[in-house]
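Engineer: According to Swiss-Prot, the record shows the following:
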- 3-23: transmembrane segment (TRANSMEM)
- 69-89: transmembrane segment (TRANSMEM)
- 100-120: transmembrane segment (TRANSMEM)
- 136-156: transmembrane segment (TRANSMEM)
- 172-192: transmembrane segment (TRANSMEM)
- 223-243: transmembrane segment (TRANSMEM)
- 253-273: transmembrane segment (TRANSMEM)
- 294-314: transmembrane segment (TRANSMEM)
Amino acid sequence: MLTINILLYTSPILLAVAFLTLVERKVLGYMQLRKGPNIVGPYGLLQPVADAVKLFTKEPSRPATSSTLMFITAPIMALTLALTIWVPLPMPHALIDLNLGVLFILTLSGLSVYPILWSGWASNSKYALIGALRAVAQTISYEVTLAMILLSITLINGSYTLKNLAITQENMWLLVSTWPLAMMWFISTLAETNRTPFDLTEGESELVSGFNVEYSAGPFAMFFLAEYTNILAMNAMTTILFLGSPINHNFTHINTLSFTLKTLMLTFLFLWIRASCPRFRYDQLMHLLWKNFLPLTLAFCLWYISIPIALSCIPPQI
């Protein structure tokens, strides 16, 4: 039964990811005054299917000097971790309702660094290794900010359980009261998922696609799926943390529809930023985090610790 549940849970995510690639190409096309994919199927709707067939029927190749085991394991692990992040997310009901859902997500997002590092090192290519090292430095750096923001939200929520955030936001979105945290969280998710303007790990002009430069066919598709799955997962997390709404037990489909629409709006914002912004310089990226975001998140964390004590009240305990 659990296997069926997992399949029913992962299949729509992978389907959404497949069509997200089409939406991205269409949105970027119209923003650049062109059509985007419009040949395969009506209005180009079958383009993701054609891409999948092409990638998974090609023969996967690897460099003769690469480390075989690590080279093959890295994309599989990347996709597995990306899909596992969805397990505790309440949409409005989670696959497994974890008491420490916030910590589980933090742990998995930290582990997602390893497949990138393995792929860069195992490829035995200087471009792949430089891209991997950039990715590790960037991801670990922004993990600190994400963890501090999550700690602040946890203090407001009074629990590590993600489902409680729906109850905390019954009267008002946390976006209204914690908008500086929400802004820093959104920018940090862009950096965490290696999206424009923080796509330094995949700098086409300087690193020839970055850590996955030596990958082709199925393994490349797995990295691609993992990246876009992480984008959707981070936007789903943003919706849960800052745009949550109380669960209507009489009409549960309304909750799911509301959650999906909010996540899609945030994903569209990701695409809009990609079409509009140039790439940051690497030193600017690090300065933004260590000199701006980290002091601010620490200050807000202390603020949210001190307010309940000062007002002689505690966060809502469920």
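Note that Cβ sites are derived from N, Cα and C of the backbone, with glycine treated the same way.
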Engineer: Tally Cβ pairs under 8 Å between the transmembrane segment (3-23) and each listed stretch (100-120, 172-192, 223-243, 294-314), then give the stretch with the top tally.
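Structural biologist: Ranked by Cβ pairs under 8 Å, first place goes to 223-243.
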Engineer: To the transmembrane segment (223-243), which of 100-120, 136-156, 172-192, 253-273, 294-314 is linked by the most Cβ pairs under 8 Å?
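Structural biologist: By Cβ pairs under 8 Å, 172-192 leads among 100-120, 136-156, 172-192, 253-273, 294-314.
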Engineer: Which bits of the chain, at least 6 residues beyond where the transmembrane segment (172-192) starts or stops, bring a Cβ under 8 A of a Cβ in it?
Structural biologist: 109, 138-139, 141-143, 145-146, 149, 152-153, 156, 165, 198, 230, 234-235, 237-238, 241-245, 266, 269-270, 273, 285, 288-289, 293, 296-297, 300
Engineer: Of the listed stretches (69-89, 100-120, 253-273, 294-314), which one yields the highest count of Cβ-Cβ distances below 8 Å with the transmembrane segment (136-156)?
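Structural biologist: When the Cβ pairs under 8 Å are tallied, 294-314 comes out ahead.
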Engineer: Grab the same-chain neighbours of the transmembrane segment (69-89) for me: Cβ-Cβ under 8 Å, and only residues 6 or more beyond its ends, written as numbers and ranges.
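Structural biologist: Same-chain residues near the transmembrane segment (69-89) but 6 or more away: 9-10, 13-14, 62, 95-98, 101, 104-105, 108-109, 111-112, 114-116, 118-119, 121-123, 162, 214-215, 218-220, 222-223, 225-227, 229-230, 233, 236-237, 240.
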